[in-house]
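**Q** Annotations per TrEMBL:
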type: DOMAIN; residues: A:32-97; note: domain 'HMA'
type: TRANSMEM; residues: A:116-137; note: transmembrane segment
type: TRANSMEM; residues: A:149-169; note: transmembrane segment
type: TRANSMEM; residues: A:181-203; note: transmembrane segment
type: TRANSMEM; residues: A:209-227; note: transmembrane segment
type: TRANSMEM; residues: A:364-383; note: transmembrane segment
type: TRANSMEM; residues: A:389-417; note: transmembrane segment
type: TRANSMEM; residues: A:688-712; note: transmembrane segment
């Protein structure tokens, strides 16, 4: 597994590592084969119980629990399967899910984060030392002592900045190479100019050296970078965990025997067994078996479709009742599931590139600073004719205006806001998602699986005679079909006992039948029991000779859907419902939730086109959807949200993932996003105020390293504290 | 003022020790599971002898 080996074996690229004792990093087991997600563990007792239980299983070499990630990594013999370990943990009382160790590999060792932390530590160490030396200079050291202190500062600052400032140098260089300015260009210019003039001053035993300012600048900016990186790393690891929960395996039939293989190993023409409840791994044609298919994630239809030999199936559909054998006709990237990706690519190219607040601030700021400092250099050079003092003043202007606070302004706020939303069950995946969320004025919802749970709910139980209902419950109990489960649930809630039905058998694709007092009873599709299919989703119960009785179903609303919709409407946003489901179903739901604007039987292209059209009219659209048919729309929208139950493709396409089942945080997220954006702007303003006060001093040649240090630290701290008000 | 010729190297050395110690903790994955490690120390399972 690539978990641990992603790190180069000898990471001696950094000076800090050369100084490290030669002891190698604690070896993370290189062949971690299994990863389990343990959502319920929370204490020391859980850790030892889980580890003891797992280590006791023969074949397990070692198991280690990570409580922070709520995960267990298990090193085991090659033939060990997670299915064998999950029951062991269940017996101990822990819920466990298998994670795809391959999909987790990137989170295993967060190399970039570690590197940033190392640079932050070096910058912190160096700036503290240099600051101490500078304090003694400010408090009156003179002559040879001052020169010595300056030389020592230089000896610390130069290597420390060369190492710690590398991200800024790289980013500034890559911007300059394409002839553009970003925030890092003035930063790098300030650092380099400060070092050069300070060295020059020191060599001439001058009074002012800015080594401490250059280092503190790097330290504060790295702190901002690190915060930013950590927020995104947390979101990424949680998003990866969601995808890792879907382990891509399939049952291939070879010579009449089922073998479990990875989906990536399937080939066209393979025979694949799909058990009830399983998802189609590939596109293909049914060769054996009868069942019903749930296509809701692909098309938005809630009513299951009948399937028999000859029916073609697409990857992503869920098999409901009977086992099916399919012959693969397209695998991997040729499947219809992947072809949807082309549609997403088209939508992506149409998405207007959003400029983040930080970038637009940098665009205003960078040229201004450069011009100001160049002007003060030219002015002082013409006035005094002294190159040295003119250069000194130019450096002071650059350092004082340097965007220390600007560099912290955005990451500090997004960290605070993302942390708050994460506790509410929202995962901010994209770095500018919050800023974009703050701008929206239109919200588009998908129906099936987003506003509704995608599971049916029995609606007319009150209108059905008690004895008929109890027969239905007796038959439904034997089936795992969603409609049957809905009947069982509704009956339990109403306290209806199942009738004693004997010889219950499930006829895949049709329904269940059994014997009651010598009569055949059937519960299933309209055509099978001899009834007329209406507009509703329905199942029918027939007792020999009598008229069939209709059981009507409705798609159950997701918790919080009503609150989310009504508070979005109340805050003045236009709410639209777009679904691939039938007109009747969509209209009923729209009326129930009070949504005036709805679109039914929409193809994926239609959804994306409608959103693109609204965007063109200047509307900012938030798309909330979960299905494969929504991915193009999710990408086309200004910002997008998908629930955790969504298909992987939809989650990847969206900026924000809802972790819980509840939809109500959406409205709150909009408020938090607005507040966060306001806070970011406030931070920019605070930073500007500090500049407005300090810059005239610098231009007038009155700035000293002490003033620079004070301005830099106070503005950075004010900005961070302002951001913390969001928590 | 001769004393600073000792004091400065000593303070730099102590600072460097701290930095190296920090680098060592980062490189040996000691920040991977802060919550779990905080709890593990309360475990009395291997109090008598170290885990083999």
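Keep in mind that glycine also has a Cβ here, set from the backbone N, Cα and C atoms.
Fair warning: this is a prediction, and the values are worked out from it, not measured in the lab.
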**Q** When you check the transmembrane segment (A:364-383) against the transmembrane segment (A:181-203), do you get at least 3 Cβ pairs under 8 Å, counting only pairs 6 or more apart in sequence?
**A** yes
**Q** Can you tell me which recorded stretch out of A:181-203, A:389-417, A:688-712 has the most Cβ pairs within less than 8 Å of the transmembrane segment (A:149-169)?
**A** A:181-203
**Q** Sort out the residues at least 6 away from either end of the transmembrane segment (A:688-712), same chain, that have Cβ-Cβ distances under 8 Å to it, and list them.
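**A** The answer is 131, 134, 138, 208-210, 212-213, 216-217, 220, 372, 376, 380, 389, 393, 396-397, 399-402, 404-405, 718.
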**Q** Hey, which bits of the same chain come close to the transmembrane segment (A:116-137), Cβ under 8 Å, at least six residues off its ends?
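**A** Residues 14-16, 146, 149-150, 152-153, 156-157, 160-161, 163-167, 209, 211-212, 215-216, 218-219, 222-223, 225-226, 229, 705, 709 contact the transmembrane segment (A:116-137) from elsewhere in the chain.
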**Q** Based on DSSP, tally up the residues of the domain 'HMA' (A:32-97) by helix, strand and coil.
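**A** Helix/strand/coil tally for the domain 'HMA' (A:32-97): 24 helix, 18 strand, 24 coil.
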**Q** Which sequence-distant residues neighbour the transmembrane segment (A:209-227)? Criterion: at least 6 residues beyond either end, Cβ under 8 Å.
**A** 113, 116-117, 119-120, 123-124, 126-127, 130-131, 133-134, 137, 150, 153-154, 156-157, 160-161, 164-165, 167-168, 187, 190-191, 194-195, 197-198, 201-202, 395-396, 399, 402, 404, 407-408, 410-412, 415, 705, 708-709, 712-713, 716
**Q** Six or more residues beyond either end and a Cβ under 8 Å away: which residues meet both conditions relative to the transmembrane segment (A:181-203)?
**A** 147, 150-151, 154, 157-158, 161, 165, 168-169, 171-172, 175, 209-211, 213-214, 217-218, 221, 358-359, 361-363, 365-367, 369-370, 388, 391-392, 394-395, 398-399, 401-403, 406-407
**Q** How about long-range neighbours of the transmembrane segment (A:389-417): same chain, 6 or more residues beyond its ends, C-beta under 8 Å?
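**A** Cβ under 8 Å, 6 or more out: 183, 186-187, 189-190, 193-194, 196-198, 200-201, 206, 208, 210, 213-214, 216-217, 220-221, 223-225, 227-228, 230-231, 356-358, 361-362, 365, 369, 372-374, 376-378, 380-381, 428, 431, 434, 672-673, 675-676, 679-680, 683-684, 686-687, 690-691, 694-695, 697-699, 701, 703, 707-708, 711-712, 715-716, 718-720, 723-724, 726-727.
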**Q** Limited to the domain 'HMA' (A:32-97), I'd like the whole-number average of pLDDT.
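**A** In the predicted model, the domain 'HMA' (A:32-97) has a mean pLDDT of 83.
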